[in-house]
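Here is the structure we will look at, set down as C-alpha coordinates.
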Amino acid sequence: MASEIKKKLFWRAVVAEFLAMTLFVFISIGSALGFNYPLERNQTLVQDNVKVSLAFGLSIATLAQSVGHISGAHLNPAVTLGLLLSCQISILRAVMYIIAQCVGAIVASAILSGITSSLLENSLGRNDLARGVNSGQGLGIEIIGTLQLVLCVLATTDRRRRDLGGSAPLAIGLSVALGHLLAIDYTGCGINPARSFGSAVLTRNFSNHWIFWVGPFIGSALAVLIYDFILAPRSSDFTDRMKVWTSGQVEEYDLDADDINSRVEMKPK
(Lines of atoms letter the chains of each structure in order from A and count residues from 1; the text may use other names and numbers.)
(Lines give C-alpha, C1' and ligand atoms only; values in the text may rest on other atoms or scores of the structure.)
Protein backbone atom coordinates (compact mmCIF):
# COMPACT_ATOMS: atom_id res chain seq x y z
CA MET A 1 0.00 0.00 0.00
CA ALA A 2 2.83 2.38 0.88
CA SER A 3 4.36 2.05 -2.57
CA GLU A 4 1.03 2.55 -4.31
CA ILE A 5 0.15 5.73 -2.44
CA LYS A 6 3.42 7.36 -3.54
CA LYS A 7 2.63 7.01 -7.25
CA LYS A 8 1.37 10.02 -9.19
CA LEU A 9 -0.64 7.70 -11.39
CA PHE A 10 -2.53 6.46 -8.34
CA TRP A 11 -3.64 9.98 -7.43
CA ARG A 12 -4.49 10.76 -11.04
CA ALA A 13 -6.78 7.76 -10.97
CA VAL A 14 -8.46 8.99 -7.78
CA VAL A 15 -8.96 12.46 -9.29
CA ALA A 16 -10.34 10.86 -12.47
CA GLU A 17 -12.92 8.98 -10.40
CA PHE A 18 -13.93 12.21 -8.66
CA LEU A 19 -14.27 14.24 -11.86
CA ALA A 20 -16.04 11.51 -13.80
CA MET A 21 -18.45 10.87 -10.93
CA THR A 22 -19.24 14.57 -10.70
CA LEU A 23 -20.07 14.69 -14.40
CA PHE A 24 -22.03 11.45 -14.26
CA VAL A 25 -24.28 12.55 -11.39
CA PHE A 26 -24.80 16.01 -12.85
CA ILE A 27 -25.81 14.68 -16.27
CA SER A 28 -27.89 11.73 -15.10
CA ILE A 29 -29.70 13.34 -12.18
CA GLY A 30 -30.16 16.51 -14.22
CA SER A 31 -32.06 14.47 -16.79
CA ALA A 32 -34.15 12.82 -14.06
CA LEU A 33 -35.44 16.10 -12.64
CA GLY A 34 -37.85 16.17 -15.56
CA PHE A 35 -38.83 19.80 -15.96
CA ASN A 36 -38.38 22.46 -18.59
CA TYR A 37 -37.68 26.17 -18.40
CA PRO A 38 -39.44 28.51 -18.06
CA LEU A 39 -41.30 27.00 -15.14
CA GLU A 40 -45.05 27.41 -15.17
CA ARG A 41 -47.24 27.53 -12.12
CA ASN A 42 -49.35 24.57 -13.23
CA GLN A 43 -46.47 22.51 -14.57
CA THR A 44 -46.34 18.85 -13.53
CA LEU A 45 -43.12 16.92 -13.20
CA VAL A 46 -43.25 14.09 -15.71
CA GLN A 47 -40.42 11.61 -15.57
CA ASP A 48 -39.76 9.73 -18.76
CA ASN A 49 -38.26 6.43 -17.64
CA VAL A 50 -36.69 5.68 -21.00
CA LYS A 51 -35.08 9.13 -21.21
CA VAL A 52 -33.68 8.84 -17.69
CA SER A 53 -32.45 5.28 -18.23
CA LEU A 54 -30.66 6.28 -21.42
CA ALA A 55 -29.14 9.32 -19.72
CA PHE A 56 -27.69 7.16 -16.95
CA GLY A 57 -26.48 4.47 -19.33
CA LEU A 58 -25.01 6.73 -22.00
CA SER A 59 -23.26 8.94 -19.46
CA ILE A 60 -21.60 5.88 -17.92
CA ALA A 61 -20.56 4.60 -21.35
CA THR A 62 -19.13 7.98 -22.38
CA LEU A 63 -17.23 8.58 -19.15
CA ALA A 64 -15.96 5.00 -19.01
CA GLN A 65 -14.48 5.49 -22.47
CA SER A 66 -13.03 8.84 -21.38
CA VAL A 67 -11.28 7.87 -18.13
CA GLY A 68 -11.18 4.09 -18.29
CA HIS A 69 -7.49 4.09 -19.22
CA ILE A 70 -6.73 6.27 -16.20
CA SER A 71 -8.73 4.78 -13.33
CA GLY A 72 -10.72 1.89 -14.76
CA ALA A 73 -13.81 4.12 -14.59
CA HIS A 74 -15.59 2.38 -11.74
CA LEU A 75 -17.91 5.34 -11.02
CA ASN A 76 -19.82 3.21 -8.53
CA PRO A 77 -18.85 1.92 -5.05
CA ALA A 78 -20.60 -1.36 -5.84
CA VAL A 79 -18.38 -1.86 -8.90
CA THR A 80 -15.32 -0.93 -6.84
CA LEU A 81 -16.31 -3.45 -4.17
CA GLY A 82 -16.82 -6.11 -6.83
CA LEU A 83 -13.36 -5.55 -8.27
CA LEU A 84 -11.89 -5.59 -4.77
CA LEU A 85 -13.55 -8.92 -3.96
CA SER A 86 -12.39 -10.19 -7.35
CA CYS A 87 -8.82 -9.34 -6.27
CA GLN A 88 -8.25 -6.87 -9.08
CA ILE A 89 -7.53 -3.78 -6.95
CA SER A 90 -6.00 -3.05 -3.56
CA ILE A 91 -7.92 -2.17 -0.41
CA LEU A 92 -6.34 1.29 -0.44
CA ARG A 93 -7.45 1.94 -4.00
CA ALA A 94 -10.96 0.75 -3.22
CA VAL A 95 -11.27 3.04 -0.20
CA MET A 96 -9.91 6.08 -2.04
CA TYR A 97 -12.12 5.43 -5.06
CA ILE A 98 -15.26 5.17 -2.92
CA ILE A 99 -14.39 8.39 -1.09
CA ALA A 100 -13.76 10.16 -4.42
CA GLN A 101 -17.02 8.84 -5.84
CA CYS A 102 -19.06 9.99 -2.83
CA VAL A 103 -17.46 13.44 -2.80
CA GLY A 104 -18.03 13.77 -6.55
CA ALA A 105 -21.70 12.87 -6.12
CA ILE A 106 -22.11 15.46 -3.36
CA VAL A 107 -20.44 18.18 -5.46
CA ALA A 108 -22.63 17.38 -8.47
CA SER A 109 -25.78 17.37 -6.33
CA ALA A 110 -24.77 20.71 -4.83
CA ILE A 111 -24.31 22.24 -8.29
CA LEU A 112 -27.68 20.85 -9.38
CA SER A 113 -29.30 22.20 -6.24
CA GLY A 114 -28.10 25.69 -7.09
CA ILE A 115 -29.12 25.48 -10.73
CA THR A 116 -32.58 24.09 -9.96
CA SER A 117 -33.29 26.16 -6.84
CA SER A 118 -36.50 27.52 -8.40
CA LEU A 119 -37.99 24.03 -8.60
CA LEU A 120 -40.42 23.40 -5.76
CA GLU A 121 -40.03 20.18 -3.75
CA ASN A 122 -36.79 19.37 -5.53
CA SER A 123 -35.60 15.96 -4.33
CA LEU A 124 -32.47 16.04 -6.54
CA GLY A 125 -33.28 12.53 -7.71
CA ARG A 126 -33.15 11.09 -4.20
CA ASN A 127 -33.79 7.36 -4.11
CA ASP A 128 -36.66 6.07 -2.00
CA LEU A 129 -39.23 3.31 -2.04
CA ALA A 130 -42.27 3.80 -4.24
CA ARG A 131 -45.70 3.68 -2.66
CA GLY A 132 -46.64 0.07 -1.95
CA VAL A 133 -43.04 -1.19 -2.06
CA ASN A 134 -41.69 -2.40 1.29
CA SER A 135 -38.05 -2.42 2.35
CA GLY A 136 -37.56 -6.11 1.59
CA GLN A 137 -38.89 -5.71 -1.94
CA GLY A 138 -36.81 -2.61 -2.52
CA LEU A 139 -33.72 -4.39 -1.23
CA GLY A 140 -34.36 -7.27 -3.62
CA ILE A 141 -34.72 -4.93 -6.60
CA GLU A 142 -31.45 -3.20 -5.73
CA ILE A 143 -29.66 -6.53 -5.30
CA ILE A 144 -30.80 -7.85 -8.68
CA GLY A 145 -30.17 -4.59 -10.52
CA THR A 146 -26.63 -4.34 -9.17
CA LEU A 147 -25.91 -8.04 -9.66
CA GLN A 148 -26.51 -7.84 -13.40
CA LEU A 149 -24.40 -4.67 -13.64
CA VAL A 150 -21.36 -6.03 -11.79
CA LEU A 151 -21.67 -9.35 -13.61
CA CYS A 152 -21.52 -7.40 -16.87
CA VAL A 153 -18.46 -5.46 -15.68
CA LEU A 154 -16.61 -8.64 -14.67
CA ALA A 155 -17.47 -10.44 -17.90
CA THR A 156 -16.80 -7.64 -20.38
CA THR A 157 -13.45 -6.68 -18.81
CA ASP A 158 -12.15 -10.23 -18.31
CA ARG A 159 -8.74 -10.33 -20.00
CA ARG A 160 -8.93 -14.11 -20.38
CA ARG A 161 -11.68 -13.77 -22.98
CA ARG A 162 -10.73 -13.74 -26.64
CA ASP A 163 -14.27 -13.61 -28.01
CA LEU A 164 -15.06 -10.01 -27.11
CA GLY A 165 -15.75 -7.50 -29.84
CA GLY A 166 -17.19 -4.02 -29.77
CA SER A 167 -17.03 -1.69 -26.80
CA ALA A 168 -16.90 -2.69 -23.14
CA PRO A 169 -17.98 0.80 -21.99
CA LEU A 170 -21.05 0.63 -24.23
CA ALA A 171 -22.00 -2.80 -22.91
CA ILE A 172 -21.66 -1.58 -19.33
CA GLY A 173 -23.63 1.57 -20.12
CA LEU A 174 -26.44 -0.54 -21.56
CA SER A 175 -26.37 -2.65 -18.39
CA VAL A 176 -26.83 0.53 -16.32
CA ALA A 177 -29.74 1.56 -18.55
CA LEU A 178 -31.26 -1.91 -18.20
CA GLY A 179 -31.02 -1.69 -14.42
CA HIS A 180 -32.89 1.61 -14.48
CA LEU A 181 -35.62 0.27 -16.73
CA LEU A 182 -36.10 -2.50 -14.17
CA ALA A 183 -35.85 -0.59 -10.90
CA ILE A 184 -36.83 3.01 -11.52
CA ASP A 185 -40.52 2.49 -10.72
CA TYR A 186 -39.76 0.65 -7.47
CA THR A 187 -36.82 2.47 -5.86
CA GLY A 188 -35.91 5.21 -8.31
CA CYS A 189 -33.05 2.84 -9.17
CA GLY A 190 -30.03 3.26 -6.97
CA ILE A 191 -27.60 0.45 -7.92
CA ASN A 192 -24.94 3.05 -7.14
CA PRO A 193 -24.50 3.99 -3.46
CA ALA A 194 -22.54 7.16 -4.21
CA ARG A 195 -25.21 8.48 -6.56
CA SER A 196 -27.84 7.84 -3.86
CA PHE A 197 -25.63 9.35 -1.16
CA GLY A 198 -25.13 12.68 -2.92
CA SER A 199 -28.86 13.38 -3.22
CA ALA A 200 -29.53 12.24 0.35
CA VAL A 201 -26.85 14.57 1.75
CA LEU A 202 -28.09 17.65 -0.12
CA THR A 203 -31.76 17.02 0.75
CA ARG A 204 -30.87 15.93 4.31
CA ASN A 205 -33.25 13.02 3.93
CA PHE A 206 -31.87 9.55 4.66
CA SER A 207 -35.19 7.72 4.76
CA ASN A 208 -34.60 4.09 3.69
CA HIS A 209 -31.11 5.14 2.62
CA TRP A 210 -29.53 1.96 3.99
CA ILE A 211 -31.24 -0.01 1.22
CA PHE A 212 -29.16 1.80 -1.40
CA TRP A 213 -25.91 0.73 0.23
CA VAL A 214 -26.75 -2.75 1.48
CA GLY A 215 -28.60 -3.85 -1.68
CA PRO A 216 -25.89 -2.87 -4.19
CA PHE A 217 -23.11 -4.28 -2.01
CA ILE A 218 -24.91 -7.62 -1.64
CA GLY A 219 -25.59 -7.69 -5.38
CA SER A 220 -21.95 -6.92 -6.11
CA ALA A 221 -20.67 -9.67 -3.80
CA LEU A 222 -23.08 -12.18 -5.35
CA ALA A 223 -21.92 -11.23 -8.85
CA VAL A 224 -18.28 -11.91 -7.90
CA LEU A 225 -19.22 -15.22 -6.30
CA ILE A 226 -21.16 -16.29 -9.39
CA TYR A 227 -18.60 -15.17 -11.97
CA ASP A 228 -15.26 -15.88 -10.29
CA PHE A 229 -16.18 -19.14 -8.59
CA ILE A 230 -18.96 -20.69 -10.68
CA LEU A 231 -19.14 -19.37 -14.26
CA ALA A 232 -15.49 -18.54 -14.95
CA PRO A 233 -13.19 -19.72 -12.14
CA ARG A 234 -9.66 -18.35 -12.29
CA SER A 235 -6.73 -20.76 -12.46
CA SER A 236 -4.65 -18.81 -9.94
CA ASP A 237 -5.05 -19.65 -6.28
CA PHE A 238 -7.39 -17.31 -4.40
CA THR A 239 -4.94 -16.85 -1.52
CA ASP A 240 -2.27 -15.72 -3.99
CA ARG A 241 -4.67 -13.32 -5.65
CA MET A 242 -5.54 -11.83 -2.26
CA LYS A 243 -2.02 -10.36 -2.14
CA VAL A 244 -3.32 -7.73 -4.54
CA TRP A 245 -5.36 -6.32 -1.65
CA THR A 246 -2.20 -5.06 0.05
CA SER A 247 0.31 -4.71 -2.79
CA GLY A 248 -1.82 -3.66 -5.74
CA GLN A 249 -1.02 -4.75 -9.28
CA VAL A 250 2.53 -4.19 -10.46
CA GLU A 251 1.39 -3.65 -14.05
CA GLU A 252 -1.91 -2.01 -13.27
CA TYR A 253 -1.20 1.02 -15.46
CA ASP A 254 0.26 -0.92 -18.37
CA LEU A 255 -2.50 -0.61 -20.94
CA ASP A 256 -0.98 -3.37 -23.06
CA ALA A 257 -0.41 -5.84 -20.23
CA ASP A 258 -1.03 -9.51 -20.97
CA ASP A 259 -1.56 -10.53 -17.34
CA ILE A 260 -5.01 -12.12 -17.19
CA ASN A 261 -5.48 -11.00 -13.60
CA SER A 262 -4.51 -7.35 -14.15
CA ARG A 263 -6.68 -4.34 -13.48
CA VAL A 264 -10.06 -3.92 -15.12
CA GLU A 265 -9.84 -1.76 -18.21
CA MET A 266 -12.83 -0.07 -19.85
CA LYS A 267 -11.41 -0.45 -23.32
CA PRO A 268 -12.59 -2.26 -26.47
CA LYS A 269 -10.78 -5.51 -27.04
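Every residue, even glycine, has its Cβ placed from backbone N, Cα and C.
Beyond the ends of the topological domain 'Cytoplasmic' (1-11), by six or more residues, the same chain brings 90-93, 96, 246-248, 253 to within a C-beta distance below 8 angstroms of the stretch. Annotation comment: Swiss-Prot describes 1-11 (among others) as topological domain 'Cytoplasmic', evidence class a curator's inference.
Same-chain residues lying 6+ beyond the ends of the transmembrane segment (12-29) with a Cβ under 8 Å from its Cβ atoms: 52, 55-56, 59-60, 63, 66-67, 70-75, 93, 96-97, 100-101, 103-105, 107-109, 111-112, 124-125, 194-195, 198-199. Swiss-Prot lists 12-29 (among others) with the feature transmembrane segment.
Feature annotation from Swiss-Prot assigns topological domain 'Extracellular' to 30-46 (among others); the stated evidence is a curator's inference.
What Swiss-Prot records for Asn42 (among others) is N-linked glycosylation site, and it gives sequence analysis as the kind of evidence.
The annotation transmembrane segment is assigned in Swiss-Prot to 47-65 (among others) on the grounds of similarity to another entry. Only residues 6 or more beyond the boundaries of the transmembrane segment (47-65), in the same chain, are considered here, and those with a CB under 8 A from a CB of the stretch are 20, 23-24, 27-28, 30-32, 34, 73, 75, 167-170, 172-178, 180-181, 184-185, 189, 266.
The intramembrane segment feature in Swiss-Prot is assigned to 69-82 (among others); the stated evidence is similarity to another entry.
Each residue of the topological domain 'Cytoplasmic' (83-90) gets a DSSP state, and the totals for helix, strand and coil are 3 helix, 0 strand, 5 coil. Marked as topological domain 'Cytoplasmic' by Swiss-Prot: 83-90 (among others).
According to Swiss-Prot, the transmembrane segment annotation covers 91-109 (among others).
Confidence annotation: the topological domain 'Extracellular' (110-133) carries a mean pLDDT of 87 in the model. Annotated topological domain 'Extracellular' per Swiss-Prot: 110-133 (among others), in sequence order, evidence recorded as a curator's inference.
Annotation comment: Swiss-Prot describes 134-153 (among others) as transmembrane segment, evidence class similarity to another entry.
Among the features that Swiss-Prot reports, topological domain 'Cytoplasmic' is placed at 154-163 (among others), with the record citing a curator's inference.
According to Swiss-Prot, the transmembrane segment annotation covers 164-181 (among others), on the basis of similarity to another entry.
As annotated by Swiss-Prot, topological domain 'Extracellular' applies to 182-186 (among others), with the evidence given as a curator's inference. Sequence-distant neighbours of the topological domain 'Extracellular' (182-186) (same chain, 6+ residues past either end, Cβ-Cβ under 8 Å): 49, 52-53, 129-130, 133, 137-138, 141-142, 144-145.
Residues or ranges marked as intramembrane segment in Swiss-Prot (evidence: similarity to another entry): 187-199 (among others). Sequence-distant contacts of the intramembrane segment (187-199) (same chain, six or more residues past either end, CB-CB distance under 8 Å): 21, 24-25, 28-29, 56, 75-78, 98, 101-102, 104-109, 123-130, 133, 138, 141-142, 145-146, 149, 176, 179-180, 209, 211-213, 215-217, 219.
Note on the topological domain 'Extracellular' (200-206): residues 106, 109-110, 113, 123-124, 126-128 of its chain, located 6 or more positions outside it, place their CB under 8 angstroms from a CB of the stretch. Residues or ranges marked as topological domain 'Extracellular' by Swiss-Prot on the basis of a curator's inference: 200-206 (among others).
Annotation for Asn205 (N-linked glycosylation site): spatial neighbours Ser123, Arg126, Asp128, criterion Cβ-Cβ under 8 Å with sequence separation of six or more. The N-linked glycosylation site annotation in Swiss-Prot covers Asn205 (among others).
The transmembrane segment (207-224) makes no contact with the transmembrane segment (91-109), as judged by fewer than three Cβ pairs under 8 Å among residues 6 or more apart in sequence.
The residues of the topological domain 'Cytoplasmic' (154-163), classed with DSSP into helix (H, G, I), strand (E, B) and coil, number 3 helix, 0 strand, 7 coil.
For the transmembrane segment (164-181), same-chain residues at least 6 beyond its ends with a Cβ under 8 Å from one of its own Cβ atoms are 49-50, 52-54, 56-62, 64-65, 68, 73, 145-146, 148-149, 152-153, 156-157, 189, 191, 265-269.
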